[in-house]
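*Asks:* Dropping a structure here in structure tokens format, bear with me for questions.
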Number of protein chains: 2
Amino acid sequence: MALTDRLKRGFVGRPIGSDRLGETLLPKRVALPVFASDALSSVSYASEEILLVLALGGITLLHYTPWIAAAVVILMLTVVASYRQNVHAYPSGGGDYEVASVNLGPRAGLMVGSALLVDYVLTVAVSVSAGVANLTSAATGLAEHKVLLASLLVVLLTLVNLRGVRESGTAFAVPSYAFIVGVLVMIVTGLVKTALGDAPRAESADYHIHPEQSFTGLFLIFLILRAFASGCTALTGVEAISNGVPAFRRPKSRNAATTLFLMGAIAVTMFAGVTALALISDVHVAENPADLIGSNGEEQRTVIAQIAAAVFGDGSPGFVYVAAVTTLILILAANTAFNGFPVLGSILARDGYLPRQLHTRGDRLAYSNGIILLAGFAILLIVVFDAQVTALIQLYILGVFISFTLSQTGMVRHWARLLRGSVAADTDTDAGATGAGAAAGASAGSGDSGEKLDDQLTGRVPLEPRMRGRVRRYQVVSFLGACMTGAVLILVLLTKFTRGAWIVCIAIPVIYLCMQGIQRHYDRVASELTPEPGPPTLPSRVHGVVLVSKMHAPTLRALAYAKATRPHTLVATTVAVDPAETERLRQAWEERDIKIDLVVLASPYREVTRPVLEYVARIRRESPRDVVAVFVPEYVVGRWWEHLLHNQSALRLKARLLFQPGVMMTSVPWQLESSSHAQTRRDHAGAGAVRRGRVLPSEQVRPGNGSGT
Amino acid sequence: MALTDRLKRGFVGRPIGSDRLGETLLPKRVALPVFASDALSSVSYASEEILLVLALGGITLLHYTPWIAAAVVILMLTVVASYRQNVHAYPSGGGDYEVASVNLGPRAGLMVGSALLVDYVLTVAVSVSAGVANLTSAATGLAEHKVLLASLLVVLLTLVNLRGVRESGTAFAVPSYAFIVGVLVMIVTGLVKTALGDAPRAESADYHIHPEQSFTGLFLIFLILRAFASGCTALTGVEAISNGVPAFRRPKSRNAATTLFLMGAIAVTMFAGVTALALISDVHVAENPADLIGSNGEEQRTVIAQIAAAVFGDGSPGFVYVAAVTTLILILAANTAFNGFPVLGSILARDGYLPRQLHTRGDRLAYSNGIILLAGFAILLIVVFDAQVTALIQLYILGVFISFTLSQTGMVRHWARLLRGSVAADTDTDAGATGAGAAAGASAGSGDSGEKLDDQLTGRVPLEPRMRGRVRRYQVVSFLGACMTGAVLILVLLTKFTRGAWIVCIAIPVIYLCMQGIQRHYDRVASELTPEPGPPTLPSRVHGVVLVSKMHAPTLRALAYAKATRPHTLVATTVAVDPAETERLRQAWEERDIKIDLVVLASPYREVTRPVLEYVARIRRESPRDVVAVFVPEYVVGRWWEHLLHNQSALRLKARLLFQPGVMMTSVPWQLESSSHAQTRRDHAGAGAVRRGRVLPSEQVRPGNGSGT
């Protein structure tokens, strides 16, 4: 086995057969940490973001915090409720992209796709950078290597994810639960202490905040709205589960909905608890540390760290535990994107918006190309923005709120059509969502009331009358969600545009246009490749041309094979780059008594390719309906350095001949002994590199998906 | 025309036809600066090297200088005299390599080849670095960019040389002559002034030199020998003309010998003159400037600059002129290597010691690959040694003295065999040296006494009795030269080994072994490719296999063509990576009523390549004497980004099938509309890239030289 293969096996693991795909599906207890780490980790900075913005108006504005936090909680609960319906109605993993495509048209879908692709990349960049920032503020010696460290962490995540979904789920389950437990214990301890009259007190409780300016009237309202917009970072990651439904164990939709509920409940509890403790312990933070009057001028610690210090005591085991798991969950939050991006990319590729390679599962059944692409872009962002969270966070959440808004608007239409009974027309779109998999599911858990419900919600079976009220309720929830997230989207645009969000406002349309261009290309190719009806027609005549450079064994083999194909005419041609060599060839031709004519082509500029191309073109001009069959004798060497020792003229000639219409090109290889090295090496390499095709049963089958040979 | 082609035309110029090769040959007045700039430029540092070494023993040892300089002059005259005979006896441009190969065996030749390749690279690195050092000690602002500057100069030289020999000759003639004139005027002026009692006096005349240690007895002798070894740098470049004979106008040998004589005379005059003036004007230099007592601690100027300042006055136009042309000639000296290295590389490639691509003339008839290789290695050395002349010069002249010694030893044997009359047996080796060119030369200048002499010296015609005395004299000169250069070689090894020459002592054997390995590879390939005698035998049966991924136009074309080749059996195969797609293909197969069987291959690991390879191997196992003809339908796109959008499975499959014995592989291309873009682009690109073959009439024609298709 070659070294590269060994390395790959070591890092990625042994290949897994397509039939084992079911085994990599996730139980709820693993799916929760895999898909929710992003949403949960945002708890660690959402409260802080609200406090930071309000602090601009001075300490007195902090009393607005509970109201803003409450608004965020309401928004979050609405969105979670709304998405619990999404996973039932659209269980294929297309998530928001599919909802928008089906209900609002392909342009809206593409818009959502572009926005989500951008946001996934930002999720990785922001989360990893935030984690590294936390780490380096503890271990200051590493601060100058922030960019390198963040990039290495992205590479590590990439390797873990290339091993496949389930194993990365296991790897991330422990830290996620550790974080949840840590924060919940901290909240309970803090609240109990408060109830007992021993309220925790933050190190910054006595600091005064110097207001940047005084906010009144409209300015005050704008500031409060901006604080709310910043707090909405808590919502990021809610959509992850709806995009990840196919990775759940059956019954997929119900499990996903339950996980979504669990995630929402935990996130809201943690967000509310942390915000409450921040107010109880009087945590004071400011964007510009110099505005903190009374502080010793040192770097201010994060809100969650200050609360942990206040509750457990600075430097206590409890504090260290919370600080450590917070750092860890921030880095792991990036993993959510590693689960979401490749699946979305594969669906976009399936629909012809992205290169087909993104629709290829690797050795371990993960969408390897998508994972690598995500990692590449995330590292690019980390390098460009120097791993600075403050800069990156301004680009963030724009994409996800575009997605929220369009998706829920789409759901309003979905429910409306369901009530009208006109969703059935779309079943071909969702067919793949169950397809072969649904057949298996039906035999296993048929008669299950949940499945029946799902069938009605997706529109596969007509809506029962008693369900209409329920669907109306769903529609109201979706409508509320759409309005609220739409409002937040506008808010985010207004408050963050000049701070960096403009980059995203350029990136999303650019990606949109690229994907549109790619789709047009695929469409054009598909229509050009559509065959005329009827059986294949034979070419009228075949002219055989054997390319000869000198008289050696491959040449003789090519001549023999060319003769065996019985073309209508057959000649051998050689390019006269060296008169002496040509003469020797002519002599050898006579000596061996070869009955095929040898045509000598002149080459004043010592070229090999052009005279052959011109000769072939001449034959074609003379008889345009005939076919020219070019036979290229070549010998094959096995070791990489041996390739350097042989002119690659044959390779280049073949590449150029491909562009000549009506030319068939036959390689007549002659394997030198050393080629057996390469052959052996490849035989031992295990399951090889060229893979293709879709094996996920729940994916959709469409005529446009074919291979690109 | 594509941008890259435009760029290439701009830098390199329009391509030149093979028939115009004669036009690029050099008249003597251009050949002198082209081949002699290396030898002449060494005048600017050879005297200095002697003074630097002697200075280690203090100022009193400087009185040995005239004797050492005289020894160098005698050595130089001997070597020049000896090489004037070489160019007559071996006019093919093989130079020392050919002399050593023919007379001492291929191993000695390979040794010389390795040594010269290394020395050519060092010539470029040393000369350019020395030129840049001169330049940057004038313009100190550039000092920190020395490496970049030197690398850019190498790139510039590369471009000039890629334009072809004659034009680079013209570009270099003016500065070379300017240097010769400048130095000669300086010497004459200085000597006239001395004769008139107004002897020039150097700025360092009053400095005292602090001796590193006192040298007596054996140590003194060793120091004097080391000074002599250092002075021998003056000899570098003498071999350049003997390697460049084919680039001369006819009569090549005589013109080359005359140029060699001119070069020797000029170099000796300049070397003697500069050394004399250095002594007259009391120039004092030291390796370590701190040893110069009385100096103001500034960087000491070069000897030639100090002399120019003393003769013409510091800052005078004469001084500036000499300083400028010295800098220029040092940079241009590198050009000698640019003429020598590619020719030597091409000859070594012709003999199978180096990859054949080095034997390919580019658009402008220069050996482009050799030029680029030389530039690459030289830039590597410059970067590694930080463009420091003091470090690089220690590696220098070892290779050239290996070459001198072996070549002249070989010449002693050549003359001996000529006297015995046994050289005739070698005429096939020298045949190429005249070959087609000699025929032309014979008709043009036949009856010329010089040509007759050459014929006798090369051994083509028997030696006339009256010539024997002359040949004996030649032999003595060669013997003297061999002894002297051999002694210098040992001296150089002893005095420079620990100072860096050990690197060369590793590099030369490594290159030697590589070249031996390459030759063994070519030999093995040639013997494997030698065909059995007799006409080609037809394969017993042909099994046709058409690879199908889906039902589109290229597939139908491939089926039709495969049928037209009338194989004994014909099936279509598809790899079942996706059950639904396979099913669709099967339906389309029936709908179109295709009479060819469709074989579906299972692929549990979603691979495309392996099942096909195994299927083909199975057919071959069942009937090992038959041939499998694989037909691969492919579609061709034209734009680079379009390639990213299509899986390259066909390409990889084709690459893998090449290793399967008994498999013929036919590409059935289908040109999409966009492919016409690429076609048009290529048609406009002018004379294309793939060239091959030898057009220099004086080159040797051997059976082993063929193409590597």
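Cβ atoms here come from the backbone N, Cα and C positions, even for glycine.
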*Asks:* Choose the correct range: of A:352-372, A:436-456, A:457-477, A:604-624, which one does TrEMBL annotate as region 'Disordered'? Give that range.
*Replies:* A:436-456
*Asks:* Out of A:50-80, A:319-344, A:365-385, A:391-412, A:476-494, which stretch touches the transmembrane segment (A:259-280) the most, going by CB pairs under 8 Å?
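*Replies:* The stretch with the most contacts is A:50-80.
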*Asks:* Could you check whether the transmembrane segment (A:116-135) and the transmembrane segment (A:177-196) come into contact, where contact means at least 3 Cβ pairs under 8 Å with the two residues of each pair 6 or more apart in sequence?
*Replies:* no
*Asks:* Would you mind listing the long-range same-chain contacts of the transmembrane segment (A:50-80), meaning Cβ under 8 Å and 6+ residues beyond its ends?
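*Replies:* Contacts of the transmembrane segment (A:50-80) (Cβ under 8 Å, skipping residues fewer than 6 from its ends): 208-215, 220, 223-224, 226-228, 230-232, 234-235, 238, 260-261, 263-264, 267-268, 271-272, 275-276, 278-279, 283-287, 291, 303, 404, 408, 477, 480-481, 484-485, 488.
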*Asks:* Out of A:319-344, A:476-494, A:500-518, which stretch touches the transmembrane segment (A:177-196) the most, going by CB pairs under 8 Å?
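*Replies:* Maximum Cβ contact count belongs to A:319-344.
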*Asks:* Check the transmembrane segment (A:500-518) against each of A:147-165, A:319-344, A:391-412, A:476-494 and return whichever range has the most CB pairs under 8 Å.
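*Replies:* Looking only at A:147-165, A:319-344, A:391-412, A:476-494, the most contacts with the transmembrane segment (A:500-518) come from A:391-412.
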*Asks:* Quickly jot the same-chain residues contacting the transmembrane segment (A:391-412) by Cβ under 8 Å, restricted to those at least six beyond its ends, or write none.
*Replies:* 79, 82, 85-86, 89, 95-96, 99-100, 102-104, 108, 111-112, 115-119, 122-123, 125-126, 129, 232-233, 235-236, 238-239, 381, 385, 474-475, 478-479, 481-482, 485-486, 488-489, 492-493, 496, 499-501, 503-505, 508
